[in-house]
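Listed in TrEMBL:
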TRANSMEM  26-45  transmembrane segment
BINDING   Lys64, Val65, Lys66, Thr175, Asn282, Phe283, Arg284, Lys302  ATP binding site
DISULFID  Cys108-Cys156  disulfide bond
DISULFID  Cys117-Cys140  disulfide bond
DISULFID  Cys123-Cys150  disulfide bond
CARBOHYD  Asn173  N-linked glycosylation site
DISULFID  Cys206-Cys216  disulfide bond
DISULFID  Cys250-Cys259  disulfide bond
Amino acid sequence: MWSCITDFFTYETTKSVVVKSWTIGIINRVVQLLIITYFVGWVFLYEKAYQIRDTAIESSVMTKVKGFGVYNNRVMDVADYVTPTQGASVFCIITKMITTENQFQGYCPESETKYNCTHDSDCTKFLNKPGSNGIPTGRCVHFNSSLMMCEIQGWCPAEIDTITTSPMMEVENFTIFIKNSIRFPTFNYTKGNFLPTITDSYIKKCNFDLVNNTYCPIFRVGDVVRYAQQNFNILANKGGVIGIKIGWICDLDKSDDECNPSYSFTRLDAMSQKNAVSPGYNFRFAKYYKTENGTDYRTLVKAYAIRFDVLVNGNVRES
Ligand SMILES: *[C@@H]1O[C@H](CO)[C@@H](O)[C@H](O)[C@H]1NC(C)=O
Ligand SMILES: *[C@@H]1O[C@H](CO)[C@@H](O)[C@H](O)[C@H]1NC(C)=O
Ligand SMILES: *[C@@H]1O[C@H](CO)[C@@H](O)[C@H](O)[C@H]1NC(C)=O
Ligand SMILES: *[C@@H]1O[C@H](CO)[C@@H](O)[C@H](O)[C@H]1NC(C)=O
Ligand SMILES: *[C@@H]1O[C@H](CO)[C@@H](O)[C@H](O)[C@H]1NC(C)=O
Ligand SMILES: *[C@@H]1O[C@H](CO)[C@@H](O)[C@H](O)[C@H]1NC(C)=O
């Protein structure tokens, strides 16, 4: 008990040893210098770690596409080739369409060659499985005078999507106008991609490029595709997804003029380039009509499109 108390009321300190050696001395000072250089040079001067950061960007994006193309001897305008039409940050420009007109509900032969048959018995294996264009009925019917196909119930005639058509090449010259407003809530800092230096007359004729017009908010589709290192012909033929990234990386301790957007471009669906099973990007939609006697019919469109996703990210800091 007593020894415990005497042990407790003691004072201990470490004994320091001075080693007068040039080698150890130099190593000691070099290590100290490295640590100081790291803190002063990297942490304070370069990374400015003493500043407060905000990456929770609030952003709104509005887009508008302009241009006219010719497809199947028809002049196409924005309402024909842009979908959805609201001008959001994600939109598609249709480059190629396979249309199947006048489809009615009914019974008709399948159009894909894997459904060829000679007897009804060839078709029973498709029963109770989804077909390509409708529900198989298990009957074998004439597709034309020489070819027989399994029958389906659905929208008829079935779409034949193996035909090759050429894309609308004018898309390359279409322009995309992007309006982006951002706010960093921590600093209540707001800004838009229309910099004060952009005048009305400049915006009427400018096109973004990476050298002379880095802040012009109008982008030529062909340039965007090129900056994303893609081939326009291949992309227009198969479809794809291109990302337009807007980065706001600012030091608010500096003047407001130095907080500017930086644009970069990339292909987002890189996987579908390498993968041969489902290359590119396409989707289907239909336009519905009514006959005089009241039955519905429709025009089915399989659209190949270039989808643009405008992605905004930011990182601002202030002392
Ligand atoms: C379907 O077509 C292939 C090739 O054209 C042929 O070899 C096959 O025998 C046909 N199947 C039937 C059931 O007719
Ligand atoms: C029947 O359709 C097939 C496939 O589309 C085609 O190759 C063939 O020439 C057609 N036959 C006739 C007689 O039209
Ligand atoms: C795009 O515009 C350029 C110049 O304005 C023109 O030379 C070119 O033929 C156009 N491209 C297409 C596919 O229309
Ligand atoms: C944010 O800034 C705007 C003007 O720049 C001002 O009107 C508003 O009151 C500020 N909001 C807050 C929460 O400070
Ligand atoms: C940028 O401007 C210079 C001089 O006006 C011109 O030579 C150059 O081709 C331009 N670059 C681009 C990418 O437009
Ligand atoms: C309505 O008209 C279409 C063609 O115009 C025809 O195929 C269909 O059988 C008609 N339906 C009725 C209920 O008369």
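Note that Cβ sites are derived from N, Cα and C of the backbone, with glycine treated the same way.
Whatever TrEMBL says is automated annotation, not expert-curated.
The shown structure was predicted, so the numbers you read here are calculated from the model rather than taken from an experiment.
Around the Cβ of Val65 (ATP binding site), a 10 Å sphere holds 21 further Cβ atoms from the protein chains shown. The residue listed as 'N-linked glycosylation site' falls within a helical segment according to DSSP.
Within the set of disulfide-bonded residues Cys123, Cys216, Cys250, Cys259, the entry lying nearest in space to Thr175 (ATP binding site) is Cys216 (CA atoms). Rounded to the nearest whole angstrom, the C-alpha distance between Lys302 (ATP binding site) and Cys206 (disulfide bond) is 34. Taking Cα separation as the measure, Cys259 (disulfide bond) is nearest to Cys216 of the recorded positions Val65, Cys140, Cys156, Cys216, Phe283.
Annotated pair Cys108 (disulfide bond) and Lys66 (ATP binding site), C-alpha to C-alpha distance, rounded: 41 Å. Nearest by CA distance to Cys250 (disulfide bond), out of the recorded positions Lys66, Cys117, Cys216, Phe283, is Cys216. Arg284 (ATP binding site) carries a strand DSSP state (E or B). Site extent for ATP: the farthest pair of Cα atoms among Lys64, Val65, Lys66, Thr175, Asn282, Phe283, Arg284, Lys302 sits 24 Å apart.
Residue with the densest Cβ environment among the disulfide-bonded residues Cys108, Cys206, Cys250, Cys259: Cys250, by other Cβ atoms within 10 Å. Among the recorded positions Lys64, Cys150, Asn282, the ones whose Cα sits within 10 Å of the Cα of Cys140 (disulfide bond) are Cys150. The C-beta environment of Cys150 (disulfide bond), restricted to residues of the same chain at least 6 apart in sequence and closer than 8 Å, consists of Pro109, Glu110, Tyr115, Cys117, Asp122, Cys123, Phe126, Gly131, Pro136, Thr137, Gly138, Arg139, Cys140, Val141. Less than 6 Å separates the Cβ from ligand 1 in the case of Cys117, drawn from the recorded positions Cys108, Cys117, Cys156, Cys216, Cys250, Lys302 in sequence order.
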